[in-house]
Amino acid sequence: MKAIVFAYHDIGCVGLEALALAGYEIQAVFTHSDAPGENHFYASVAKTAAGMDVPVFAPEDINHPLWVNRIRELAPDVIFSFYYRTILSDDILQLPSFGAFNLHGSLLPRYRGRAPVNWVLVNGETQTGVTLHKMVSRADAGDIVAQSVVAIDDEDTALTLHGKCRTAAATLLAQQLPLIRSREIALTPQDDSQASYFGRRTAADGLIDWQKSAHEINNLIRAVTEPYPGAFTFLGERKVIIWRARVVKNNRVNVNHPHGGDAGSIISTSPLVVSCGEDALEIVSGQSEAGLYMSGSRLAAEMGMVPQARLGNLASRVQRRRTRVLILGVNGFIGNHLTERLLRDDRYEIYGLDISSDAIARFLGDPRFHFVEGDISIHNEWIEYHIKKCDVILPLVAIATPIEYTRNPLRVFELDFEENLKIVRDCVRYNKRIVFPSTSEVYGMCDDKEFDEDTSRLIVGPINKQRWIYSVSKQLLDRVIWAYGAKNGLRFTLFRPFNWMGPRLDTLDAARIGSSRAITQLILNLVEGSPIKLVDGGAQKRCFTDIHDGIEALFRVIENRNGQCDGQIINIGNPHNEASIRELGEMLLTSFNAHPLRDRFPPFAGFIDVESSSYYGKGYQDVAHRTPSIRNAKRLLEWEPTVKMEQTVAETLDYFLRTVDVPHTADATDTQG
């Protein structure tokens, strides 16, 4: 059986060796180049493959069409992935005749995602394991071939637990690979209701919160001790790395040093014991940032620790300057939800401008949120000053409702292109990073099954179809921004939302004048008891994305770890939530009829079909489907949407129904005056 292998880490080497022993013909191995600065404590897949005389490659983007075509030419029977760090596209997963299989370091469906060995220790689990499963478009979600349980002991660290998982993986593969080769496997679907997902960990995640229990802190230390960067805290401004520790119960702590409520206080220095939110922690070994590995008591002496001194978070003493984010259009749908997400992270400070503040009123008292009421076409000097002052610029102001494209095409062009071009040029002038909202509309009438940021054609209609003014305005700005990046070094990311929806999307008043998104218009029809108008029968399909999924992806774009989003175009949508507008209406009706406030509103008036020209006006043209490829989002952001459409529809409907002022109807218990 011909196999293509994607592998990294020790488990990758174990997988290669197991395949060779099972008699597979390994056609090629794809791995990663070792990242500079990363502690490489594990064996090399490249060296293992070279020892087998197997071709080995380390492409920067394995999902690029060039690599997909090269793999297609090899015509593999099967694909295996062993700890490969990049999510493989559907184009690759569909190539092998017998499917693709992944070995994951947990007992799926629990601990999907990255760093499962570290996360199970952080969370205090008593067992984990390895799972061999079929690969599908959603990471770690395919049917299970087999699993092997690994017990977690109290003294296990990430390194020792990884060794246990490596042994379990070798045994599991020795059992299952011959069955796959003979095509005799049995598959068990995963129970998604039991699934949990965890993202990648960074060195910063090792910061100790002394308010937690000693048991929880010790779990963190075990999870990130050598060869990982280690758990750490601060004595004043000096970093202290803790490599080993043990829990000290309350009844074993010196009664002269009560620690309840004094989390982070040093109780004694020999041994070095620190109070926690519950119990205390003895530091067995550690080091200062520039020092040597040593015992806890010697570390205390070297750093001048004394009883009752406090260990804690450097950020509470020496505040690193927060990233300043300028959001133009901060009161809009994306703007206000993004503000909420950024304010949950202490690293960000937000400056916002908009013509109103109803949606962001809840943030106005936050000291990290600065708002000015104004218009981007008027407040040019304020905008230029704040572009100079801020680090990341998000110009979210645009006319983005279809009826306006035909009703006010010149106004759409003036605002969406001309005013935003000024902002782009200021970002170039002051060397600021811009995160620009492109749109799924730029793909126009593209006939690809999935719209790909890097390969899909951007096709629009004839000039007399003014409906395309929005699409071409955005597309032209995309091209200008790209050119500024290539010629002037502008740091940018273009993100393309695909039909985001959720609470605070529009207002029902906007729907009353026809200037809203589809779901808001449909909700207005239900609230008022008017017929739901389905343009051209509502057959057009869209992929609807929950606002919380979308905002989490956008937050990661702003975060931009290791600069990986610079110069990139990223679709942000949910290809699994595809539905026609008619299906959206039917889903809304079902949720509406089940809502506890249903009896306050008129009876449903039915669906009626209308022609697009009569609804949107002359010059309108629609598209049959709009489905995103999200391979860039998966690769660059380690992001995948999770919220089902039914949940989003229900939450959006609930939000609007609770904003409607319905006259009170007296019942039998009311007093008649």
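Just so it is clear, glycine is given a Cβ too, placed from its N, Cα and C backbone atoms.
Per Swiss-Prot, region 'Formyltransferase ArnAFT' is recorded for 1-311. Mean model confidence for the region 'Formyltransferase ArnAFT' (1-311) is a pLDDT of 91.
Summarising the annotation, Swiss-Prot assigns site 'Raises pKa of active site His' to Asp140 and lists sequence analysis as the type of evidence. The Cβ neighbour count for Asp140 (site 'Raises pKa of active site His'), using a 10 Å radius and every protein chain shown, is 23.
Taken from Swiss-Prot, the feature region 'Dehydrogenase ArnADH' covers 321-673.
Its Cβ placed at the centre, Ile376 (NAD(+) binding site) has 21 other Cβ atoms within 10 Å. The NAD(+) binding site annotation in Swiss-Prot covers Asp354, Asp375, Ile376.
Secondary structure at Glu441 (active site, proton acceptor), as computed by DSSP, is helix. Residues or ranges marked as active site, proton acceptor by Swiss-Prot: Glu441.
With the fewest other C-beta atoms within 10 Å around its C-beta, Asp375 stands out among the recorded positions Asp354, Asp375, Glu441.
Of all the recorded positions given, namely Asp140, Asp354, Asp375, Ile376, none has its Cα within 10 Å of the Cα of Glu441 (active site, proton acceptor). One way to see the shell of the NAD(+) site is to take the Cβ centroid of Asp354, Asp375, Ile376; the remaining same-chain residues with a Cβ within 8 Å of it are Leu328, Gly329, Leu353, Ile355, Gly374, Ser377, Ile378, His379, Val397.
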